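J.: Below is the structure I would like to discuss, written out as structure tokens.
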């Protein structure tokens, strides 16, 4: 027997265990164990309606930032369950913005259906990658990186976004920082703000 064979076998087994035995990417922030088991619908009972969603034919309700975003994820479209993908329609009023945010569980590809959008992301070295993209153009936002959009045209704009997760998650930076209850003293030191300014921002970005 080759003296190197046991060593190679150990290396192979170690590689197989560490690579194939790792945990999959989560599709939620956390999972509280329960006594129930989430079962799939019997395939013989499935219909075409299980795979069609009609909720993005028209723009949704616009926020004060001029954005109307309608997410199509597993929570509202069960047909996406276990397929590892989801979708969003985002409509912008003139000068409307999609504030800086990130998706912790997904890469996003954004397609401009109508209009002109200043669009970009910031990497982990604080480099910005941004430009105006127009109708028919596509931009990708790598998983977990902060990104943003703003309508810079003179007419409403629409973006269609696709994610490689059935539940990509969404963290809006202003809401996460000022609307989550982070200690005021920490915010004062981090941003050079006084208590009155922080209170104003907390009121603006508090959960509704």
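The count begins at 1 with the first shown residue.
Placed from the backbone N, Cα and C atoms, the Cβ positions cover glycine too.
This is the feature table in TrEMBL:
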- 1-21: signal peptide (SIGNAL)
- 31-40: disulfide bond (DISULFID)
- 54-199: domain 'Cupin type-1' (DOMAIN)
- 98, 103, 108: oxalate binding site (BINDING)
- 101, 103, 108, 147: Mn(2+) binding site (BINDING)
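Any idea what these are sitting next to in the structure?
T.: Its own atom aside, the Cβ of residue 40 (disulfide bond) has 8 Cβ atoms within 10 angstroms in the protein chains shown.
Same-chain residues at least 6 positions away in sequence with a Cβ under 8 Å from that of residue 108 (oxalate binding site) are, in sequence order, 140, 141, 147, 161, 162, 163, 168.
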J.: Can you name every residue in this chain, apart from 98, 103, 108, with its Cβ inside 8 Å of the center of the Cβ atoms of the recorded oxalate site?
T.: 88, 101, 102, 110, 141, 147, 161, 163, 168, 170
J.: Give me the Cα-Cα distance between residue 101 (Mn(2+) binding site) and residue 40 (disulfide bond), rounded to a whole Å.
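T.: Taking the Cα atoms only, residue 101 (Mn(2+) binding site) lies 33 Å from residue 40 (disulfide bond).
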J.: Using a 10 Å cut-off on CB atoms, tell me which of the binding-site residues 101, 103, 147 is the least crowded.
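T.: Minimum Cβ neighbour count within 10 Å, taken over the binding-site residues 101, 103, 147, occurs at 101.
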